[in-house]
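K.L.:
Before anything else, here's the structure in question.
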Amino acid sequence: EDQGKKSPKRKIVLLMAYSGKGYHGMQRNMGSSQFKTIEDDLVSALVQSGCIPENHGEDMKKMSFQRCARTDKGVSAAGQIVSLKVRLIDDILEKINNHLPSHIRILGLKRVTGGFNSKNKCDARTYSYMLPTFAFAHKDHAVQEEVYRLDKETLDRVNKLLSCYKGTHNFHNFTSQKGPRDPSARRYIMEMYCGEPFVRENMEFAVIKVKGQSFMMHQIRKMIGLVIAIVKGYAAESILERSWGEEKVDVPKAPGLGLVLERGHFEKYNRRFGNDGLHEPLEWAEEEEKIAVFKEQYIYPTIINTEREEKSMANWLSTLPIHDFNSSAV
């Protein structure tokens, strides 16, 4: 206690990993306790470990708290970055982790400049989306989910479609509450591709990676949902071009389960402050192994087991026929 009162507050970033199942996203909803979020558990651990005074837990502005990305309900993270002011107590990471459930871990900490804000200073974000490959099986073929294996031709087609998203487009059809003329609906995508499939517990999965400057709510899930609808034969390829135009297009939203925030990129900040002698660049090479272990232990098993038990992808695929991909959506 005494040490905490004496130690001055410093601006830091924390590297966080978590499995998002059972949570209503990352961001805390003050005054709404029935929907538990990742930040509820984090703030409670910060208070209990003595890093922040109790009243800062009630008003997060007091500690200048900011997260690099708001992850939606059920979405996980392997490299979430939060910035905040804390008392730098001894063994700080160990003490915070002692008050967190095992599926939320703080894997690293770095000192940053006083004005640092993990949302505004983030140049780009990388997400991954892990899905069972039977999602790409054509609708006219009866498939057994366990037996289905993705052939090279289909994977090439998936990648050709995903690469169409690269560059700047108007993504108003890929989120709610944005009109076609809203300038903030224009987003820049740097890369998007699907990796080689692999088998886990008899089911084949693949991981789609996407790096973009920033994403709107549900944008990535809808980008993936539309490609699945095209590959399965429910929608024509021309729908991609149409969806970036002004008309309203019915874009299906893939399940949240497989989505993982992989990392935030801070190139501009690193160039300016990373080697100023006072601050370290925001790169996490030393933590890579811990991140990989956490994913294997908590994120991938959750996605695989939930998929097998709750069939979130299979159930969602059965809703694709009710979408109308031809006319403008009402």
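Glycine is no exception: its Cβ is also placed from the backbone N, Cα and C atoms.
Pulled these from TrEMBL:
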{"type": "ACT_SITE", "residues": "Asp72", "note": "active site, nucleophile"}
{"type": "BINDING", "residues": "Tyr127", "note": "substrate binding site"}
{"type": "DOMAIN", "residues": "165-265", "note": "domain 'Pseudouridine synthase I TruA alpha/beta'"}
K.L.:
Would you mind ranking the recorded positions Asp72, Tyr127 by how many other Cβ atoms sit within 10 Å of each Cβ and giving me the lowest?
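P.N.:
Comparing Cβ neighbours within 10 Å for the recorded positions Asp72, Tyr127, Asp72 has the fewest.
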K.L.:
Mind checking how the domain 'Pseudouridine synthase I TruA alpha/beta' (165-265) divides into helix, strand and coil residues in DSSP?
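P.N.:
DSSP classes over the domain 'Pseudouridine synthase I TruA alpha/beta' (165-265) add up to 24 helix, 33 strand, 44 coil.
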K.L.:
Taking only the residues in the domain 'Pseudouridine synthase I TruA alpha/beta' (165-265), give me the average pLDDT of this model.
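P.N.:
On average, pLDDT over the domain 'Pseudouridine synthase I TruA alpha/beta' (165-265) sits at 95.
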K.L.:
Do you know offhand how many angstrom separate the residue listed as 'active site, nucleophile' and the residue listed as 'substrate binding site' by C-alpha?
P.N.:
12
